[in-house]
Amino acid sequence: MTVTTERTLILVKPDGVARGLAGEVLRRIEAKGYVLEAVELRRAPRDLLELHYAEHANRPFFAPLVDFMSSGPVLAVVASGERVIEGFRSLAGTTDPTTAAPGTIRGDLGRTWDAPVQQNIVHGSDSVESAEREISIWFPFLVR
Ligand SMILES: Nc1nc2c(ncn2[C@@H]2O[C@H](COP(=O)(O)OP(=O)(O)OP(=O)(O)O)[C@@H](O)[C@H]2O)c(=O)[nH]1
Ligand SMILES: [Mg+2]
C-alpha cells in the first residue's frame, strides 16, 4: 500500500485561543508526529470565514458561526504527514464537545458554553480537496 504525505488546515478557534489552549493544541499535533508547515495568529475577516465555511452557507448556524469565528484571533496552522487529515480529525474528536471522547482535544478540553456545538476549540479539514481549498484561502503562498 502506498501512503502519500498530506497537508491539512487546522484552526484553533477563538474560544481555544482565548482560553490559552493554542500551545496545547500545537503540542498534541507535534506529539502525534505531524510536522508544522505554517503557524499564524490572526484576526480573520468575515469574507475569508464565509469562504472557509461556504459548505454551511444555508445552515441556520452559519451567521452565528461567522460571528463566533470573527470574535477574536484564531491560530491558523498547516500540518503535514501521512494521513494527517484523518489523523487530526481523530485527535480533535467529534463535533459536539460535550460528548466528544475523552482523550481527544474536544473531549478533554471542550464543553458546551452558550451555543450548543459551536465552541469546539479546533477545526480540521475533512478531505484532501477541502484541505487544499482551505490552505489556498488561509495561506495562498503555500498553494502548490
Ligand atoms: N451554533 C451551532 N454551531 C454549529 C452547529 N453544528 C456545527 N456548528 C459549528 O460549525 C462548525 C462546522 O461544522 P461541521 O463542519 O459540521 O463540524 P466539524 O467538521 O466537526 O468542525 P470543523 O472542523 O470546524 O469544520 C462546527 O465545528 C461548529 O463550530 C450547530 O448546530 N449550531
Ligand atoms: Mg467541517
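Heads up, the Cβ atoms here are built off N, Cα and C, so glycines get one too.
Unlike curated entries, TrEMBL annotations are predicted automatically.
Over in TrEMBL, the protein carries these features:
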ACT_SITE  His123  active site, pros-phosphohistidine intermediate
BINDING   Lys13, Phe61, Arg89, Thr95, Arg106, Asn120  ATP binding site
DOMAIN    5-144  domain 'Nucleoside diphosphate kinase-like'
Phe61 (ATP binding site) to the residue listed as 'active site, pros-phosphohistidine intermediate': how many Å between their Cα atoms?
16
Quick check on the recorded positions: of Lys13, Arg89, Arg106, His123, whose CB has the lowest count of neighbouring CB atoms inside 10 Å?
Arg89
I'd like to know the mean pLDDT over the domain 'Nucleoside diphosphate kinase-like' (5-144).
98
Where Arg106 (ATP binding site) sits in the secondary structure, as DSSP reduces it to three classes:
helix
Close to ligand 1, in the sense of Cβ under 6 Å, among Lys13, Arg89, Arg106, Asn120 as binding-site residues, are Asn120
Just checking a number: largest C-alpha distance across Lys13, Phe61, Arg89, Thr95, Arg106, Asn120 for the ATP site, rounded to a whole Å.
21
Neighbour tally for Asn120 (ATP binding site), based on other Cβ positions within 10 Å of its Cβ
24
Can you tell me how the residues of the domain 'Nucleoside diphosphate kinase-like' (5-144) break down into helix, strand and coil by DSSP?
62 helix, 28 strand, 50 coil
